[in-house]
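**Student:** Dumping the structure here so I can ask a few things about it.
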Amino acid sequence: MGLKQNLHNLKEKYKGTKMAPAFNAIHTFLYLPNETTHGGTHIKAADDLKRTMNIVIMALVPCLIFGMFNAGYQHNAAINGFTEGMSFFSGDFWNMNNFLIGLTKILPLVIVSYGVGLLIEFIFAVIKGHEVEEGYLVTGMLVPLIVPVDLPLWMLAVAVAFGVVIGKEVFGGTGMNILNPALTIRAFLFFAYPTWMSGDKVWVHGAVEAAGTADAISGETILGSLAQSQPLSYSVSDMFFGFIPGSVGETSTLLILLGALFLIFTKIGSWRIMVSAVIGALVMGFIFNQVVALGWIGETSKFHGLMKLEFWKHLLIGGFAFGAVYMATDPVTASQTNKGKWIYGFLIGFISIMIRVFNPAYPEGVMLAILLMNVFAPTIDYYVVQGNVKRRLKRLKAKTA
Amino acid sequence: MGLLSKKDAALIKDPLADNNPITIQVLGICSALAITAELKAAIVMSISVLFVLGVGNVVISLMRNIIPSKIRIIVQLVVVAALVIIVDQVLKAFAYELSKTLSVFVGLIITNCIIMGRFEAFALGNGPWRSFLDGIGNAAGYGLILVLVGFFRELLGSGTLLGFKVLGDSIEKTGLYALGYENNGFMLLSPMALIVVGIIIWVQRSKNKALIED
């Protein structure tokens, strides 16, 4: 008799007691309930919301752990100098010293994110009289991964409160929100406290405190330096493995790729959105490359640095990969129809790179692109459905005529 | 109420709460978003609207029997425009800096839906005294929301109230700023004003369930 059977037996024991909801919450965290749907419904699925959320969290854990090591590595590297051409399993990166620095900075972010978010979910559950919804489980994990490592905790708390209340609860809670809550939180931080969310200080731990002193270190992201037309100073392997400064969990394209495969394999994330977002980004990047190649944009243009970047490198830098895999695929805010998903994803990629290049004030465009397309997703669906209705009406007419 | 009969008092009280022009009728939103980044601007705007709506309602009410109904909108516009120009000139003469902050929005009082709405809905059918009370009441209801929004936006966005540094000095890091507090730049942008208005509407409707329509 395994753990699963034990849990099922315990459930029978707790049935009807006050403990039941609390036990069920833990029980269904990893296992399917051993009962099927009662009554007249005919739709049966083996995965409930909690399992869906859980799988996304599992896909995020590697990014989180990598982010902890990277936070420490970037801090030490900024002081002692970078190691050139590291392999992925290099001891310079994966060591206890790096990990501890990252742990002490990032664990509080995770705790504050979950603490504040779940507290608000709990308050709303009590007021509205429903069970606590699982929607925040993924948001709470995403948020620490998409903020700079040195973000003050109280700012994160304010932003999480804002994002959960205004981004989700006012629309009716999990499943009813128009905008991705995690990105709402990030957008709030970005517009409310721009000095902590952009610039060349915040991306490396310690850079803010050291600014202006003799120990000053630079914490510029690749996008930040490219926007100022400085040459690319990181190798492709560094960018792919993720040994670069950036938000906590979004630097490693390799791990994000593995996460994407995991999400596609478990059928949680939509491969259509991911693929079309990548295509959209490549197309936009390619157009910009051609503009430079044709000589329409000179060396003096402020867009030159980013436009001339080879189009496929756009996928490796900034938060694009992370956004396309974990944020754009949010089933609540994305388009629902298959054709709609292609359009939705393509436009996310296309607009991300456009914002990235054209607006140096918003170095990473993927956040704004996804939020924008979140708003348009229902419209896209509407026209896809209407187009289908029209085609079938025509077919009907042809048949009867 | 000795001074006002119950019916008259309702003219003033209703627009302040259960029939508020901004939160219930959702009129005059544009100016509520545009000029509430500072409390001072919000207060001056409220007083301007109070003057225009109070006097305008009386004027329209006095003329209500001689205005041909076909051209009543034009007559109303002329009255509002005349009053707005008076306000604009007074502001330019005595509070030049402020009139620059309010810029085009003083002129745009003409298009403020609340004013035309009260002329049409009330002043054309009621006597001058009642019209005056109605104008004052609605303008006060508008002003109340403006001041509320302005209060939160200035306090959280700039850390000041009417220009006084109530939270300490953000550059010299005194008061709250010494603890690491920072101003919320989002509060100074118009979208946040819309969200603040939304929150006021939310609070009001959850206190008074009768206002929820669906």
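For all residues, glycine too, the Cβ spot is worked out from N, Cα and C.
Predicted, not measured: the structure shown is a model, and the values here were computed from it.
Feature list, courtesy of TrEMBL:
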- A:52-71: transmembrane segment (TRANSMEM)
- A:106-127: transmembrane segment (TRANSMEM)
- A:142-166: transmembrane segment (TRANSMEM)
- A:178-196: transmembrane segment (TRANSMEM)
- A:Thr221: FMN phosphoryl threonine (MOD_RES)
- A:239-265: transmembrane segment (TRANSMEM)
- A:277-299: transmembrane segment (TRANSMEM)
- A:311-329: transmembrane segment (TRANSMEM)
- A:341-359: transmembrane segment (TRANSMEM)
- A:365-385: transmembrane segment (TRANSMEM)
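On this model, are these features tucked inside or out on the surface, and what's nearby?
**Tutor:** Long-range Cβ contacts of the transmembrane segment (A:52-71) within its own chain (Cβ-Cβ under 8 Å, at least 6 residues beyond either end) map to 29-30, 93-94, 98-99, 101-103, 105-106, 110, 134-135, 137-138, 141-142, 144-145, 149, 205, 242-243, 248-252, 255-256, 258-260, 262-263, 266, 268-269, 322, 326, 331.
Non-local neighbours of the transmembrane segment (A:142-166) in the same chain are 60, 63-64, 67, 71, 102, 105-106, 108-110, 112-113, 116-117, 120-121, 136, 181-186, 188-189, 192-193, 196-197, 202-208, 247-250, 319, 322, 326-327, 367; each lies 6+ residues outside the stretch with a CB under 8 Å from one of its CB atoms.
According to DSSP, A:Thr221 (FMN phosphoryl threonine) is assigned to coil rather than to any helix or strand.
With a threshold of 8 Å between CB atoms, the same-chain residues lying at least 6 positions outside the transmembrane segment (A:341-359) that come near it are 223, 270, 272-285, 288, 303, 306-307, 314, 318, 320, 323-324, 328, 334-335, 365-366, 368-370, 372-373, 376-377, 380, 384.
For the transmembrane segment (A:365-385), same-chain residues at least 6 beyond its ends with a Cβ under 8 Å from one of its own Cβ atoms are 146, 178-180, 183-184, 186-187, 190, 318-320, 322-324, 327-328, 333-337, 339-340, 343-344, 347-349, 351-356, 359.
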**Student:** Using Cβ atoms and a strict cutoff of less than 8 Å, what residues sit near the transmembrane segment (A:239-265) while being 6 or more residues removed from its termini?
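**Tutor:** Contacts with the transmembrane segment (A:239-265): 55-56, 58-60, 62-64, 66-67, 70-71, 73-74, 82, 86, 88, 93, 106, 109, 144-149, 203-204, 219-222, 271, 274, 313, 315-319, 321-323, 325-326, 329.
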**Student:** For the transmembrane segment (A:311-329), could you work out the same-chain residues 6 or more beyond its ends whose Cβ comes under 8 Å from its Cβ atoms?
**Tutor:** 56, 59-60, 63, 142, 145-146, 180, 182-183, 221-223, 226, 232, 236, 239-240, 244, 246-247, 249-250, 253, 256-257, 259-260, 263, 269-270, 273-274, 277-278, 281-282, 284-286, 288-289, 344-345, 348-349, 352-353, 356, 363-364, 366-367, 369-370, 373
**Student:** Counting every protein chain present, what is the number of Cβ atoms, excluding its own, within 10 Å of the Cβ of A:Thr221 (FMN phosphoryl threonine)?
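**Tutor:** So the Cβ neighbour count for A:Thr221 (FMN phosphoryl threonine) comes to 25.
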